[in-house]
Amino acid sequence: MSILPSAAKEVNAAIEKLYKDLSERGDGLESFVNKKVDLVVAVSGGCDSVSLLKAIAGYESPLKGRVICVYVNHHISPNADKWAAKCKARAKKLNVEFVEKDVFIRSKEQGLEAEARTLRYRALNEVAEAENCSAIVTAHHLDDQIETFLIQWMRGSGLSGLIGMPYIKEGKIPVVRPFLKIPRKRLETYARSQHLRWVEDDSNTDESYLRNFLRLNVIPELERARAGFKSAAGRSIEILAETSQILNEVDEKALQKCLDEDGNVRLDRWQKFSLPLQARVFRLWLQKKEFPPLPRTRLEEILRQIRESKKKAICLRSQGKKSIVVNGRTLLIREVASDENPDYSVEFTWNGEKEMRFKGLAGTLRFVESPDGFEDCYLKKKPLLFTLAKRSRTRIKIKKLRPSKTLKALYQEMNISEYERGKVPKIIRDGKLIYVAGIGEEIREKLYQGNGKKYSFEWVEDHLL
């Protein structure tokens, strides 16, 4: 048998599997069995996606429903509109529907490639949802999978990154990649056998993009070093994916063992796990609570704080409108009030009140009569500033026979995590720091001579729940 029919047979088998897999899917409420499978096919005009569209358009089956060719125009290349026209003509020739979606990259915070990918999938999902399609289909192939593995490996990713792209990515509209086991050259062979014409994206030769550098320089060397490298690498990625699935099941069972009825983590149960399992369970719990992902270094610091802190209540990390909180022997996520601000500052005048509250803060500032406190005339003479600003480099002297220290040093001595420091109340008078909650008062400002009563500050937090 020649190479050309073999390539066509391999591609067609992948499309047959695609329809079979989607037709057998069900979510407990609805199944695609005996239902037409409508597809959104992502097409860029390149060899891979043109081959995908051709194979799907030519596939004949009772399962086959609508085929919608979608070209997402990022308007990055000056040739983008020409490519859109070619894709439209191709769709018309194959007698499939065509939709062009325009997207514009406004921000490059994630990097150009990542922003473009985010917008692209958003556009594909919009079409799929509007047309009530069964799935989105992309032309990612084995070479893409290996490139993704190498990129993630070079970034130091864990198992979840190294497993690459799944055959089916679950979601409201699943994304299916039927060509993941087929090498790029195989698809080129198929395209030529079908007399297809495709466009070449000029950015694919730009080696400033890591993926292109790997494709043009590294992977060819690996192929020369070992024949069959791509197939072997593909098998390794599959094994990693299977291992990841098993570990995910272990994580889920472990998490369920240490949750209370409110979905919070019982620390006495969680701490019975090995340290690596503690980390995996904690990460899974954060994911389920929709807490933003944390870098490994920050995650490790939070886990250290959980294990070592002797405080009954501690805020480990705030991000967005959520905080990770330890309350007693329970780990929970607390919703942060919309007006909480780490740079929160309020100027006030004290007129002898016993206590004061500040809008948006879960606590009370008390003025407690004390022989070791500040004289009342000192506190009343000038306005005071209540602030949550960290002021880590500011020095304060809290003991008579000890030198002054920076707040950073005192935070470390008192085992106050970096994430808590922006929530520690402080009082400033005339530009001088005179009180830090949980740490102490500036003794050098207690030398004011007067005959009035003396008062110390006390910050009392409301119950975290």
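Cβ coordinates are placed from backbone N, Cα and C, and glycine is handled just like the others.
The structure displayed is predicted, hence computed values, not measured ones.
Pulled from TrEMBL:
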type: BINDING; residues: S44, G45, G46, C47, D48, S49; note: ATP binding site
type: DOMAIN; residues: 386-459; note: domain 'Lysidine-tRNA(Ile) synthetase C-terminal'
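Residues S44, G45, G46, C47, D48, S49 make up the record's ATP site, and a Cβ search at 8 Å around their centroid adds V43, V50, S51, A139, W198, V199 from the same chain. Long-range neighbours of S44 (ATP binding site) (same chain, six or more residues apart, CB within less than 8 Å of its CB): Y71, V72, W83, C87, V199, D201. Broken down with DSSP, the domain 'Lysidine-tRNA(Ile) synthetase C-terminal' (386-459) shows 14 helix, 23 strand, 37 coil.
Counting only residues at least six positions away in the same chain, the Cβ atoms of A139, W198, V199, E200, D201 sit under 8 Å from the Cβ of G46 (ATP binding site).
Cβ contacts within 10 Å of C47 (ATP binding site), excluding its own Cβ and spanning all protein chains shown: 21. For G45 (ATP binding site), the same-chain residues lying six or more positions away in sequence with a CB closer than 8 A to its CB are Y71, W83, A84, K86, C87, R90, W198, V199. All chains included, 23 other C-beta atoms sit within 10 angstroms of the C-beta of D48 (ATP binding site). Counted within 10 Å of its Cβ, the other Cβ atoms near S49 (ATP binding site) come to 24, all protein chains included.
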